[in-house]
Amino acid sequence: MSNERVPGRDALRGARRVVVKIGSALLTNDGRGLDEPAIGGWVDQIAALHKRGVEVVLVSSGAVAAGMVRLGWQVRPSAVHELQAAAAVGQNGLTQCYEHHFARHGLLTAQVLLTHDDLSNRKRYLNARSALRTLVDLRVVPVVNENDTVVTDEIRFGDNDTLGALVANLLEADALVILTDQEGLFDADPRHNPGARLIHEGRAGDPSLAAMAGTGGALGRGGMTTKVQAARLAARSGAVTAIASGRQPEVLTRLVEGERLGTLLCPEEAPMAARKRWLAGQLQVRGSLVLDAGAVKVLRGSGSSLLPVGVKALSGNFVRGDMVLCVDEQGERVAKGLVNYDAVEASRLLGKPSHQIEAILGYMEAPELIHRDNLVVL
Ligand SMILES: Nc1ncnc2c1ncn2[C@@H]1O[C@H](COP(=O)(O)OP(=O)(O)O)[C@@H](O)[C@H]1O
Ligand SMILES: N[C@@H](CCC(=O)OP(=O)(O)O)C(=O)O
């Protein structure tokens, strides 16, 4: 195992928000019900990251497999209604298990069950986004799974790799870490090819990776194919994806320390550029800010954040986190970005220096109206 510095690994090292996906193959100890001691170990690692200020959202599989064990079923049913019943029974066990282990660290968890509709319908997408952001801001660890009990075959994600990537997009996470039962992506399925070699790093969009990823294992659904696809999806919003074995000691901690573990798949372009393009394309504009000439100059010239002091007027009924358009005094488009204050608060801050924010509002979310990481100059 090498500790040499590899550029893409720095994105993990500096990650502030990470989506961790734990797959069925790993969680259920090859079909013997939930592997509670192992879950306890991942929770310890997530709690350690939390302590360092890294925000972690967990995407956890295992409901169907845990339900089967609770119901005494030896064979995974194929009928949808039976799978749904097993998921409903098993999800309870999964939630209890995470709640119990995170409580040992004084951390609260929240169960978030999502369906495809929730992320493809604009209104529900925004609702899911603001609920998850709020949970993360409250320092709660969201534990996400697919809402298996209500989904039908046509609309299911099926595998949680895709769900993990969509959650990474939703929260503009810096990294998606997929923990599975293999050390990473190999150039052939290591279960059937003892000589298969681990891919250490790659480009998320590289078509040759798909060819190496065979089909799914017996318990999980997607195998490596959906993990490679998930990396491509996650890259849209600038997230790097690590695929690693959950059985490696301290795997999460070591990955965010930049250790060369597992497979790292990086976006084609710099993460920030990808993230900004994603931002610009994703969200509907909910309002606009009129900037004075000084603010226009620094935004265009030096890519600075937008401070309230440079804003003369606003329109629209936006809330914190919404996309707003920034225009100059002639109405010319200058930038788009995610605003840190809602319209009522922002209107009270117009033209004011940032050191007065706390006195005016009674609290300060951030000194800038739009942080430069959330700003796209047009
Ligand atoms: N190229 C490959 N590299 C690594 N694993 C592979 C590859 N091709 C197929 N696999 C299989 O993918 C399985 C992991 O996928 P899956 O069972 O869906 O796990 P999970 O439940 O964690 O999502 C491995 O056990 C392995 O047999
Ligand atoms: N939602 C399902 C998980 C589906 C699944 O196994 O996904 P994966 O871990 O990606 O192979 C469950 O909780 O059983």
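Cβ atoms here come from the backbone N, Cα and C positions, even for glycine.
Not measured: the values here are computed from a predicted model.
According to TrEMBL, the ATP binding site annotation covers K21, T180, D181. Within its own chain, K21 (ATP binding site) has L58, V59, S60, S61, N160, D161, L163, G164, L176, V177, I178, L179, A230 as residues 6 or more apart in sequence whose C-beta sits under 8 angstroms from its own.
Annotated substrate binding site per TrEMBL: S61, D148, N160, in sequence order. D148 (substrate binding site) carries neither a helix nor a strand DSSP state and counts as coil. The Cβ of D148 (substrate binding site) has 24 neighbouring Cβ atoms from other residues within 10 Å, across all protein chains displayed.
Annotation comment: TrEMBL describes 287-370 as domain 'PUA'. In the domain 'PUA' (287-370), helix, strand and coil residues by DSSP number 28 helix, 24 strand, 32 coil.
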Exercise. Taking the Cβ of D181 (ATP binding site) as the centre, count every other Cβ atom within 10 Å, in any protein chain shown.
Key: 19
